[in-house]
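What TrEMBL says about this one:
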TRANSMEM  6-26  transmembrane segment
TRANSMEM  47-65  transmembrane segment
TRANSMEM  71-94  transmembrane segment
TRANSMEM  106-128  transmembrane segment
TRANSMEM  134-153  transmembrane segment
TRANSMEM  165-185  transmembrane segment
TRANSMEM  191-214  transmembrane segment
REGION    241-276  region 'Disordered'
COMPBIAS  262-276  compositional bias 'Basic and acidic residues'
């Protein structure tokens, strides 16, 4: 029986990381299918997808600079770049004019100015191993910021004592994704990949602990938040109008009255019109 070597283990973790990351990239698909069916973005924000596209492009650039063990990073980030670009294209088609302008500014800032500056700076002012090292540090710093984003949704869960805004499957798969890429980076001795995923794993475990604590708790009375997900754990809660609110059936508005049959009718003004 063949002995399991470090390269074999790294390859296995790389394949698993690609599979799980691909599933996480597909997580927003129902959202964009809904946008396509309703021909409206319905208040969804483009920030998560713009940041995700920037992250995938940055990691793809880093992967091309590596001299070895780059194929796993190239495959998943190439796919991620295509998927996120498709999401943004659909968003730009159906978004209202102000949202289109805002999204165009985001893309210009992240994917043209910042990304272009990183590529030009590293291309002309460094070379070889030093260039890959600089880009690796940039990727690690950005990944840390991305992994820290769930702090906002964790704070919301604690405030509302409700996990309604933090779906367990997403937290679980993001944690598994961080574990796969951590071991992949560790085995190929790429600490720019491994180290940020320690933070991703830690926040993933923290989210699942919060889920276990508050899964049976009463939902907080707050406006409904709609989650915007993207790979690497970035979650942006967007405040929207609540569709369902908990009301006490014994509390009657001042402008309503109970009929003999128990139905609640609008009070009528002397003019005969309904009071609003």
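Cβ atoms are placed via backbone N, Cα and C, with glycine included.
Taking residue pairs at least 6 apart in sequence, the transmembrane segment (165-185) and the transmembrane segment (47-65) share fewer than three C-beta contacts under 8 angstroms. Take the transmembrane segment (134-153) and the stretches 6-26, 71-94, 106-128, 165-185, 191-214: counting Cβ pairs under 8 Å, 191-214 has the most.
Beyond the transmembrane segment (106-128), the same-chain residues lying 6 or more positions past its ends with a Cβ under 8 Å from any Cβ of the stretch are 46-47, 50-51, 53-54, 57-58, 61, 88, 134-135, 138. Non-local neighbours of the transmembrane segment (165-185) in the same chain are 9-10, 13-14, 16-17, 20-21, 23-24, 27, 72, 147, 153-154, 156-157, 191-195, 197-198, 200-201, 204-205, 207-208, 210-211, 215, 225, 227, 229, 231-233, 235, 237; each lies 6+ residues outside the stretch with a CB under 8 Å from one of its CB atoms.
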